[in-house]
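Inspection log for the structure reproduced underneath, given as structure tokens.
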Amino acid sequence: LHSNGTKEQLNENVKQAIEATLSEWTQSGFRCLGMFYKVMTKVEMKAFVKEAIWTNAVQQMAWICLCAIEDPLRLEVAESVRTCQNAGIIVRMVTGDHLETAKYIARQCGILSRKGYIRIRIHKMKKKKKKNLNHICLTGEQLRNLTDKEQREMLPHLRVLARSKPSDKEMLVNWYKTQNNDVVAVTGDGVNDALAMHKADVGLAMGIQGTDIAKKVSDIVILDDNFASIVTMVMWGRSVFDNIRKFIQFQLTVNFAALMLSLIAAFFKKFANPLTAVQLFWMDLMMDTMAALALATEPPTKALLKRNPYTRDAFLISPILWRFILGHMAYQVMTIYLFKYMYTCFFFFCHPIC
């Protein structure tokens, strides 16, 4: 359909020009929409909607134009993605847009930092095989056609999935949780994202543009719909986890030392308990309130975003933490008994034990 209202047959030259323009616009990050029309009666419209024979209907419609829509990124998105990557978090884009459009946006925000290939390349060396770690971009159809072996090779390097369905998002979440043993967080705003957010370890829903279903199945609601808020959430989450560890470390060290003093005094009459019941009560009262509260309320810092996250099977009290607790407990018990029974030796007085 021309601008003056006249019609002509859509020939191959016009089709190639439209496809070239479509490819150019999608590679520049635009979302393209094709507009066409057909005059129908009410009976024909009901039959069209009921049968939904889209291929035949499009072939009988008149092409009008090709439109492009630009959705600019927020200024803080690229920096937030870079901060997440420095914190050991892999950011992946799963969208229903065209592959080239998704790749362009992913490059702009730093998700696709290496060149994206449709298939991973394997360079054969003389003695060993060396895999190219370039980021991978796939469509939903290509993802569904992957074998188990190809999934193990390609999905760890996947950064962009375009033309995806809700089932593709759910499949990715299940694969990364079960096969790759990752902690998966999913952000979304619509009904199509609800199933993936429900399956993920952490579901993040948009507070402004998000639907009620997405908010109900999610674990956290981002009130300002800003990716930078996810960085703040990660920083606070790591701070709370570290503060809990500091609190437990401090409490167990002090309580184990006091318990060991009481046990030694109970089994060995030679060594009396250096702390009375009132002193033990006062020590527990102060340690459980002032000192422990100061450790538990320590504010987060940017340094928390410069290390990798803990794994799924990480213990709250790690082996290193147990070694620290038991070592300090032994040091405190020995120090107390040394100063109680051998203080004269330290101050140059004669004592039978010396």
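Cβ atoms here come from the backbone N, Cα and C positions, even for glycine.
The transmembrane segment feature in TrEMBL is assigned to 248-268 (among others). Tertiary neighbourhood of the transmembrane segment (248-268): same-chain residues 274-275, 280, 283-284, 287-288, 291-292, 295, 316-317, 321, 324-326, 328-329, 332-333, 336-337, selected by CB-CB distance under 8 Å and a gap of 6+ residues from either end.
The domain 'Cation-transporting P-type ATPase C-terminal' annotation in TrEMBL covers 273-338. The predicted model assigns the domain 'Cation-transporting P-type ATPase C-terminal' (273-338) a mean pLDDT of 83.
Long-range contacts of the transmembrane segment (280-296) within the same chain, counting only residues at least 6 positions beyond its ends with a Cβ under 8 Å from a Cβ of the stretch, are 243-244, 246-247, 250-251, 254-255, 258, 262. The feature transmembrane segment is assigned by TrEMBL to 280-296 (among others).
Annotation comment: TrEMBL describes 316-339 (among others) as transmembrane segment.
When Cβ-Cβ distances below 8 Å are used as the criterion, the transmembrane segment (316-339) is approached by residues 244-245, 248-249, 252-253, 256-257, 260-261, 264, 271, 274, 346 of the same chain, each at least six residues removed from its ends. Taken through DSSP, the domain 'Cation-transporting P-type ATPase C-terminal' (273-338) splits into 45 helix, 0 strand, 21 coil.
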